[in-house]
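What follows is a single structure, written as structure tokens, with notes after it.
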């Protein structure tokens, strides 16, 4: 495995987005991984529509939260997802619009529970969605450096791991580019279930 990887430097990650006051982190983290695997497979980096998931993925709950697996399943069952340009983000749930199927995926896989080595293996291949406990003031007010807590393991926020170094994960948040390190946070790698539960619920999409 590479000692370090940063998918941003490989051109596989879109600019940081902002979910606003809508609890749609699940859509942002899912879409982020789909954008990345599509770029890795096709060479085209296309910003995709979180709003389509918020409006149309009825197994999830729009601005009231959702699960990665249902979001991936929606994209698979729907035959693809539209672009951000065609179906822009509104930060409120609305009626499902007719949408183009611009980027598709074949499936999704989970990473073994609380296995940081397996998570590193996954991220070496592509960015992965993870759920974390983002409820601490220290997390919310993070501005720079390697974050080491405090935080619990009550999973309440979906984010994307886009790379790693020997001692930290490079994590893409959806709170805009003025949060953290231009929208990112470096989270200490601690083994096991990970800091803030980061290794408890990782998934990634598959695309041939």
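The chain as shown is numbered from 1 upward.
Every residue gets a Cβ built from N, Cα and C, even glycine.
Per Swiss-Prot, the feature active site maps to 25, 157, 173; the stated evidence is sequence analysis. Among the features that Swiss-Prot reports, E64 binding site is placed at 25, with the record citing similarity to another entry. According to Swiss-Prot, the disulfide bond annotation covers 22-63, 56-96, 114-193, 151-196.
What Swiss-Prot annotates, mapped onto the structure for a quick look.
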residue	record	Cβ contacts under 8 Å, 6 or more apart
22	disulfide bond	54, 62, 63, 91, 92, 93
25	active site	19, 157, 158, 159, 174
56	disulfide bond	74, 78, 96, 97, 99
114	disulfide bond	192, 193, 194, 199, 200
151	disulfide bond	132, 133, 134, 135, 136, 138, 139, 195, 196
173	active site	16, 159, 179, 180, 183, 184, 185
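For the recorded site, residue 157 (active site), the DSSP three-state label reads strand.
In this view, residue 96 (disulfide bond) is surrounded by 14 other Cβ atoms within 10 Å of its Cβ, with every protein chain counted.
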